There are 2 protein chains.
Amino acid sequence: MEALDYHAGERSKAEFDVEEMKIVWAGSRHAYEISDRIARLVASDPVFRKDNRTMLSRKDLFKDTLKKAAHAWKRIIELRLSEEEASRMRFFVDQPAFTDLHWGMFIPAIKGQGTEEQQQKWLPVAYKMQIIGCYAQTELGHGSNVQGLETTATFDPQTDEFVIHSPTLTSSKWWPGGLGKASTHAVVYARLITDGQDHGVHGFIVQLRSLDDHLPLPGITVGDIGMKFGSGAYNSMDNGVLRFDHVRIPRDQMLMRVSQVTREGKYMHSDVPRQLVYGTMVYVRQQIVLDASCALSRAVCIATRYSAVRRQFGSQNGGPETQVINYKTQQSRLFPLLASAYAFRFVGEWLNWLYTDVTQRLQANDFSTLSEAHACTAGLKSLTTTATADAIEECRKLCGGHGYLSSSGLPELFAVYVPACTYEGDNIVLLLQVARFLMKTVAQLGSEKKPVGTTAYMGRAEYLMQCHCDVQRAEDWLKPSVIVEAFEARAARMSVACAKSLSKFSNPEEGFAELSADLVEAAVAHCQLIVVSKFIEKLQRDIPGKGVKRQMEILCNVYALSILHKHLGDFVSTGCITPKQGALANEQLRLLYTQVRPNAIALVDAFNYTDHYLSSVLGRYDGNVYAKLYEEAWKDPLNDTVVPDGYHEYIRPILKQQLRTARL
Amino acid sequence: MEALDYHAGERSKAEFDVEEMKIVWAGSRHAYEISDRIARLVASDPVFRKDNRTMLSRKDLFKDTLKKAAHAWKRIIELRLSEEEASRMRFFVDQPAFTDLHWGMFIPAIKGQGTEEQQQKWLPVAYKMQIIGCYAQTELGHGSNVQGLETTATFDPQTDEFVIHSPTLTSSKWWPGGLGKASTHAVVYARLITDGQDHGVHGFIVQLRSLDDHLPLPGITVGDIGMKFGSGAYNSMDNGVLRFDHVRIPRDQMLMRVSQVTREGKYMHSDVPRQLVYGTMVYVRQQIVLDASCALSRAVCIATRYSAVRRQFGSQNGGPETQVINYKTQQSRLFPLLASAYAFRFVGEWLNWLYTDVTQRLQANDFSTLSEAHACTAGLKSLTTTATADAIEECRKLCGGHGYLSSSGLPELFAVYVPACTYEGDNIVLLLQVARFLMKTVAQLGSEKKPVGTTAYMGRAEYLMQCHCDVQRAEDWLKPSVIVEAFEARAARMSVACAKSLSKFSNPEEGFAELSADLVEAAVAHCQLIVVSKFIEKLQRDIPGKGVKRQMEILCNVYALSILHKHLGDFVSTGCITPKQGALANEQLRLLYTQVRPNAIALVDAFNYTDHYLSSVLGRYDGNVYAKLYEEAWKDPLNDTVVPDGYHEYIRPILKQQLRTARL
Ligand SMILES: Cc1cc2nc3c(=O)[nH]c(=O)nc-3n(C[C@H](O)[C@H](O)[C@H](O)COP(=O)(O)OP(=O)(O)OC[C@H]3O[C@@H](n4cnc5c(N)ncnc54)[C@H](O)[C@@H]3O)c2cc1C
Ligand SMILES: Cc1cc2nc3c(=O)[nH]c(=O)nc-3n(C[C@H](O)[C@H](O)[C@H](O)COP(=O)(O)OP(=O)(O)OC[C@H]3O[C@@H](n4cnc5c(N)ncnc54)[C@H](O)[C@@H]3O)c2cc1C
């Protein structure tokens, strides 16, 4: 029997080689093959089933998560998976778990901040998971302001130990993932105090639970902080609360790569540059940008496929109705998100390169690009996570009523994704950092220090302040140089305008605070420029496969012109383009949508997601939506009985007018 | 002992009479008193407790909902509450239930579409809840396109009955609230067929379940459609699926106010105007606009109070850190939402008046304002629900990490609110209707037919197409006439521009489809103008209370200028204002934020919400956030045991390297 495929017609319309696009999306043939193999492995394993996840109680969900983590680890060992394969496996299991923090934060923190000796002691046991670690920074009272943390680590020279203590309620550690129930250890951030002197916040490795019976060690109070957004979603994670009552740890458990405390209690710095920590941040944030492209592409895949199945209105002479994907409003909402998924993927790839570049420079003691790289990753983390969170919800709305069902997969995807806007730096706080860097860059224009990397365009600020866009017909907007110049001019003019306003304040800090809302907008303009330019740069390379490059060009233009349309006020009011040119851009955008349309399904097929990973009835590869929606419904526990539990106590007395006498 | 109040300082700073503002918000002293009394009644009743709601399983949540509905009904009877009071009680119980559809859709449908006779037969039993009804329109395959519904109601002249049938899978009724488990009856929409002829979709009263044992009647398959977005949230509602296998109902159960089928099977229209149905739509949608202001104000209340408690950065000389509400970025995100809450409240109030006006005109056979009223309510439903959904999520983000906890109340509020963007008309489909009406209005300019009501400004299109904004200093933006003219000019120019583009198409329908994304933007501009003008009109009335009117003026300006800033592209590219004037508006906006700041807490106190209704640890009246967050955490079931369920099977074997032999 032929496999059913409601999308077959759509698939046959594609004007490019989907298999080649899969490789572009994955980054390389090697990456594609690993992803493809591991995704299937996970999808075919019944332990990794997740279609019933949103119905589980908190306790059952957590137990299910422990089971999946253990099973994944077992498979990783049995199959002798490489680090890369293991990490893909955790990715496709697709259920937040303590292991994310163990591998993603605990180990990198020790690697980045521990001495050689500490690494040799702790990393092997961590790699084997003989200990499970988490990253305990945030407290009830402090998240963004890390320097304001209140937990103390006081050196006791008598015993050569640190005393870790939670002096106030607000100093309770709060939020660390994996802390609540699973971790045996944590990297704890606390104020280092020696001899009555406060040296600010430092990291310490602290054992939390006994390795014998998992009970908290003396002086430690630890638990889960309770339910979070959504059903299923991030509730599989045991984000935790932790209090210390004078807990003692040996001196050598302070992470001492950059600063040390000697046996005598003397506080010192090594010659390792402090900026090293920025390297880790660049690493973590480039990962977040790649994750954004995954979450976004997943939502877009669901909404695109469903939009091709869903028909509403427009039947002619009793024929089928119009697929909603053919409506221009649907396209103008959906296709920019499809383009963003690709754009974020490519900028994430570039960030990955940037991380390598920065690391190499650091090793050569070259700090010249560090602050630019730091600002750029902070900005891109903010830009891509905000856009992705909004986009997932837009995709849900694009699916009409059915998008609101858990079985559409979109509610859970949204709920599990949104904290990315907050963790690893609140998105607004990050944009303010970018803005600060931009103001510094503008202030230094004309000086010795030339702007580098993603701010290099600022070096041409004089030109960009007065250049004129020469678009005269809609198709002029297809020229990469035209697009880049418009985005550069807009970003430069907004930054320079802010700098001018700032200069009117006698106190620059006051000015910065007063103008911060405008500064954030300038930072966004700068980050959007980066995404656009990196997409265009990607297209300058050789890209094999019939029609693949052509599709990418279309998507790149959709991304750029849709951003331009959305922020038209910026472009026009800074005089970068005229209102007429704005209208031409919009006209061109409409034409581009028409070019995306026949390729839409193939463009989401290129993400190569299994139905298991998507876990969406609406996003099924075969498009068999209605039969499966109907089937799913009956699985709800409420359908266990025809007459609902509670009928006799609460419905019947109403109907029979016997409420007065009922005991409720 | 004095009650603790962390906000006391904030409250003492208010520059207006909060008690008087409460009355303005409620609409009248009478409305205020009822709301206040019923809210306290609900809050003090342990049955209505909802702080543990997000932890309940689907079955327990549903049973809890039945209990609350029965208890509320019992109290309504015992206390002999008026209709108004009863409806406030359901509002403050704040848990979606079958009763919402019974009172909000089933009864109004019979009132609006039933004959006198039918009303006399069905309404008394419905008012006493001797039957429970729902509204069964949407099907698996059709929501927006009501005319495409597939369920059939075929008249059988032999037995004088209709045969209700679900001929296809996609004809299954799908989504009706209260249908899944609770309702005994439904108003079912089906294609009326007499003598082989299809007369399109009509409403029928159909009994679904036995009044004796609640079992579905023969031929009826009914159940719940499964979990929806979030935990708690809308999962308390039994949105249902329903299939008919040739179910027979007497002829007099077709709702026959407008059309009838005679004993002989003849299809006829009465002289009751068909437009009457629009009256009901105006009613339902004005209610949705008021609901938007409630949901939005609730989110804003939580975010505002927490922003005054939360401190992060900016400590000077060891003093307390800055309250995050003092950051301009926080203000520029939060205060426009606060202003929107008030704006939506007032436009909702005005819609309520409009509904009365339309009803009176209908009774006098005056249809002149009907299509304008219909377009205007459709547009405002779309505008306010979209803005509110986005705003709730923004409020959540404004609370940083803690906003992601269920105990913040914001995740559930979002999840329960968002379907308002989809039900009662998908928001994009509604804007397209508004756009269609606007294009008609433009086409008729210069003809006999003068634009009325909210489109009256179009009558001055010629002037508005060429007028110049004369703002020269920031404070010029405080003049209501300046604001209104800018908004009118923008809306008129966008509509006229669309009409011009449309005229270039030989086939106007094709043109409409092609330009629909632009048309939607023109519709939004028109709707924003309505909100702004109604706010300004409200201020022209007498408003008692020290400083109350002043605060409202500030909020009105914040609303208008923040919209202008957000849509600067529209204003500048249509030439309504210059870039310089746009910058002045932004400058004025910053000054306005400074004026809102000292009054922010009092402005949200004026909503008069109980802590029970808010159900948010972050939004507590007393601001005692941290102690309560900490307390709440320990209630999570995961904290029942120190060592989690699953440790022995899944964690220990990892730590002890015994996975290979473990059976998972
Ligand atoms: C799901 C999840 C998982 C997490 N996992 C971990 C973990 O594993 N380990 C860990 O240590 N932490 C973790 N966290 C905590 C997370 O890192 C913090 O929540 C995050 O850093 C934001 O800080 P905050 O909550 O203090 O926000 P706040 O800073 O309190 O933000 C509140 C508001 O104030 C604004 N604001 C703050 N400062 C400024 C300023 N200077 N200028 C303008 N506006 C400002 C913000 O923009 C925001 O609108 C997690 C959080 C979540 C939600
Ligand atoms: C919580 C909830 C409660 C509900 N309660 C009830 C109830 O009690 N009774 C009842 O009968 N129904 C109920 N509904 C159903 C609801 O009325 C429909 O979901 C709603 O009308 C939207 O229709 P749809 O789902 O068919 O969306 P669709 O029309 O399928 O929308 C899908 C996409 O197509 C787009 N689209 C559709 N048509 C066009 C067009 N012509 N032009 C451009 N774009 C278009 C939409 O904008 C959307 O992006 C409920 C729904 C929900 C979510």
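Quick reminder: no glycine exception, Cβ is built from N, Cα and C everywhere.
Just so you know, TrEMBL annotations are computer predictions that nobody has curated.
Feature annotation from TrEMBL assigns domain 'Acyl-coenzyme A oxidase N-terminal' to A:17-132.
Looking only at the domain 'Acyl-CoA oxidase/dehydrogenase middle' (A:134-235), the predicted model's pLDDT averages out at 98. According to TrEMBL, the feature domain 'Acyl-CoA oxidase/dehydrogenase middle' maps to A:134-235.
A coil conformation is recorded for A:Thr138 (FAD binding site) in the three-state DSSP classification, outside any helix or strand. According to TrEMBL, the feature FAD binding site maps to A:Thr138, A:Gly177.
Positions annotated as domain 'Acyl-CoA oxidase C-alpha1' by TrEMBL: A:278-439.
In this view, A:Glu424 (active site, proton acceptor) is surrounded by 19 other Cβ atoms within 10 Å of its Cβ, with every protein chain counted. Summarising the annotation, TrEMBL assigns active site, proton acceptor to A:Glu424.
Residues or ranges marked as domain 'Acyl-CoA oxidase C-terminal' in TrEMBL: A:480-656.
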Its residues classified by DSSP, the domain 'Acyl-coenzyme A oxidase N-terminal' (A:17-132) shows 90 helix, 0 strand, 26 coil
Recorded positions A:Thr138, A:Gly177, A:Glu424 with CB under 8 A of any chain B CB, in sequence order, are A:Thr138
Cα of A:Thr138 (FAD binding site) to Cα of A:Glu424 (active site, proton acceptor), in Å and rounded, measures 10
Same-chain residues at least 6 apart in sequence with Cβ under 8 Å of the Cβ of A:Gly177 (FAD binding site), in sequence order, are A:Pro96, A:Phe98, A:Asp100, A:Leu101, A:Cys134, A:Tyr135, A:Met237, A:Asp238, A:Asn239, A:Gly240
If you count the other CB atoms within 10 A of the CB of A:Thr138 (FAD binding site), including all protein chains displayed, you should get 20
Using DSSP and three states only, what is A:Gly177 (FAD binding site)? coil
